[in-house]
Amino acid sequence: MGNTTTKFRKALINGDENLACQIYENNPQLKESLDPNTSYGEPYQHNTPLHYAARHGMNKILGTFLGRDGNPNKRNVHNETSMHLLCMGPQIMISEGALHPRLARPTEDDFRRADCLQMILKWKGAKLDQGEYERAAIDAVDNKKNTPLHYAAASGMKACVELLVKHGGDLFAENENKDTPCDCAEKQHHKDLALNLESQMVFSRDPEAEEIEAEYAALDKREPYEGLRPQDLRRLKDMLIVETADMLQAPLFTAEALLRAHDWDREKLLEAWMSNPENCCQRSGVQMPTPPPSGYNAWDTLPSPRTPRTTRSSVTSPDEISLSPGDLDTSLCDICMCSISVFEDPVDMPCGHDFCRGCWESFLNLKIQEGEAHNIFCPAYDCFQLVPVDIIESVVSKEMDKRYLQFDIKAFVENNPAIKWCPTPGCDRAVRLTKQGSNTSGSDTLSFPLLRAPAVDCGKGHLFCWECLGEAHEPCDCQTWKNWLQKITEMKPEELVGVSEAYEDAANCLWLLTNSKPCANCKSPIQKNEGCNHMQCAKCKYDFCWICLEEWKKHSSSTGGYYRCTRYEVIQHVEEQSKEMTVEAEKKHKRFQELDRFMHYYTRFKNHEHSYQLEQRLLKTAKEKMEQLSRALKETEGGCPDTTFIEDAVHVLLKTRRILKCSYPYGFFLEPKSTKKEIFELMQTDLEMVTEDLAQKVNRPYLRTPRHKIIKAACLVQQKRQEFLASVARGVAPADSPEAPRRSFAGGTWDWEYLGFASPEEYAEFQYRRRHRQRRRGDVHSLLSNPPDPDEPSESTLDIPEGGSSSRRPGTSVVSSASMSVLHSSSLRDYTPASRSENQDSLQALSSLDEDDPNILLAIQLSLQESGLALDEETRDFLSNEASLGAIGTSLPSRLDSVPRNTDSPRAALSSSELLELGDSLMRLGAENDPFSTDTLSSHPLSEARSDFCPSSSDPDSAGQDPNINDNLLGNIMAWFHDMNPQSIALIPPATTEISADSQLPCIKDGSEGVKDVELVLPEDSMFEDASVSEGRGTQIEENPLEENILAGEAASQAGDSGNEAANRGDGSDVSSQTPQTSSDWLEQVHLV
């Protein structure tokens, strides 16, 4: 039994169908035990009997195996099915007992394999869950991703290919080499089969095909120009003349003369005609037309169907010239002075001048030969009547008449600014540029704005610039294109081969000079990242100084120390050398940077130019490809398909490639790092992507893309091209606007709420004013030398609108004099000269703080809480009834204390913004009131008044205070304000006092400039507002002992030294006795935000 099985296997492997059939039929036991789906094992690459039968195209055995439950979907070690092996042909060679190659394959083998393939395609296997039967996998792929159609196409088996395609084989399947079945046939030189597959692929049916082709048919393919042939020019001229004549009710000759005088512009003619028709005709060399006769719809235009047209019109001339027979005998020619024969056809001129026919012919021939065909006037002296065209045609010969028509068309084109001749030598075509109408729809192609130098085509493929008549260079204008060509001439790019490498070398050299120093011995670059000035070269072991680059042995105590260098001359020389080298390296780097930038644009410019030259050949091959596809499809389906889409796609590709080529010179001259350039480059990249996609689909020996996909790609490229040109015509993007002044907000919403502002905009306005004020801090000289800007708005204009109501939200008050008085009295009491000297470091650190930092503002607020400011008993009781601030957006809990009715909720403490506004007001007052110098400050009476607010350290009242209070931040700030602006603190008026512009403060000397327009406004929600309102005044501020002291101080300043002593006696222990001793006392009085 084993010998029979072995013999049968060998017969299958060798392809001996007769021996295999004989063994199989003569051994019933083999027939019963043989399973066609059983693998022969690894030595035979796991092929089954069905694989070998399909490989050699054994019809009888293959049919038998399929009838005995053979499964053609079984796979071998290469993941190949029986259909793969059937379509392979004799090219595959398998060693050692596997498939042996056959040197020759007869033609009958193709038909036999086609029969085997048909049997496999008709095979039905087990019933599946969906009620269908298992079928042979026609698109099964092996390890190399080849389908049976790939192998059939590579083998050139046309019958098998047709069967596979008919049963739905995938024409677009790609193997691991990205080859389709058409590509496989092409590589094996089966050209007819490849062409057949190409036609099947291109004209394959798809659900999207009809929709895309409908869009392609509806696509507006018009361009903003029109190529005109000579007959088109003649028809355009005649149509324009006829329409104008019909509109003006004038003869054709008159209409032509009017149009010629107005540059063939109908709108221009109508404007002149409506203003003065007689003057318009006179300047054009024609007479004013009369109304047409009855039976005619216009002068010499279309005849009426009811009235026959006569050979000669009796109304040719406005002046009806009637000559008697006696006069005809005596008429003379005005040129030759000979009698005009009666037998000659008369030449009737509208002006009435008579000349013989011979003189007319000689005169007209001379004018036509001179090229003045469009302005031939009457030969009479001082007559400017134009000779009608019908007279010229009736007098001159046919050959001369032909030349006249040529000159006439030439004059029509040259006098029409909307038409230009094609500059290509030997081309007789012209181009008409379509004018863009303002009433065109936005979706119309012609509604796109025209470029300054559009590219036009005469219809023969001759592209040229409309403006300069040179090479087409849109989107560049003529001057930009000229500059680009000049740049190429100057740069000589053929000599700039290694620009990129040189640019990198220059950049490296600049970096080394900027970040390193050369060794003084071996000149190797050394970078210092840590350590002292004693350097040792790692290459030559040379010890040198990093500062002066000289030998380290020269350094000792004479140079400032062993690890310091104070050798000024040497250091100066080294720095000059380093600076010169750096400047030279920067120049070199900048030059190579410019060269590298030019090479970037020039390289891409040349790449697109080279691609354009290669793709121009597709115009010739596209026509051949169209004929081949039509012929191949006609043989298979019998129809003649539309193949013009290939040529259209090539034209779209060439137009876009040319625009991309010229877009790089346009981008080269754009402003670097501008919004306009960024938008341009984005659109340019987008256009390049769709263009390359279309090029891959079209620029192939065999098309492998369906027709509808090629059409879709071409439509997309055309759309992107039009959008790109329209964008460039509009200027790509508006000019970059200047950057507006930035007003930064705080990090989160809680910042401006926590700091007491009603909105982020109010906080931004505050920050802006803080940045633009005078920021010099220091002594009195620096304050007095920086007066405020007269154009800068005052605090009142910034905080209070014109209507008089505050812009702040409820619960946020402007600083009042009363509250500031309490604050000053409690803070400045703690300041003494001794304490100021002890806290000098704190004051220096404070002078460098940034007031705009929210963290600093928060620290000031917290310092208020810890400072324990003094308040009188009445004020403390009033503040204890403070309402909750949680309702205004703070993160603090609401107060549970009861709030007295009919009482406004005061603010417990100053917000950070109010504290900083206080500092601004103090500085502004100090700058405006500058009556003193630092020398006279101590001797002025104001210094005596200062002692009321700032008692000395020897004062017994101040000696008994807690020294820890002097360490708080707020006390230091107030002390600093006091030292810098001593006069400003004394000048703060009470809330109930308005300072007029004419009044002068007591601390100002005679002749000095007074403080003008100083008014402190108290809002309705002030913290010390009294319930009683007197008639004629606003809300009154609760009296305060410190206010009385200030008023007393003012009166004392006016009265003299005695008043100052009275003011000193007026201050006193009342304020100091109100000061809380601990922070807890202050927390009980004030609810701090």
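Heads up, the Cβ atoms here are built off N, Cα and C, so glycines get one too.
The range from 169-192, 577-600, 889-912 that Swiss-Prot describes as region 'Disordered' is residues 889-912. Within the list Ser394, Ser884, Ser921, the entry that Swiss-Prot describes as phosphoserine is Ser884. Among Ser524, Ser737, the residue that Swiss-Prot annotates as phosphoserine is Ser737. Mean per-residue pLDDT, taken over the region 'TRIAD supradomain' (329-569), amounts to 76.
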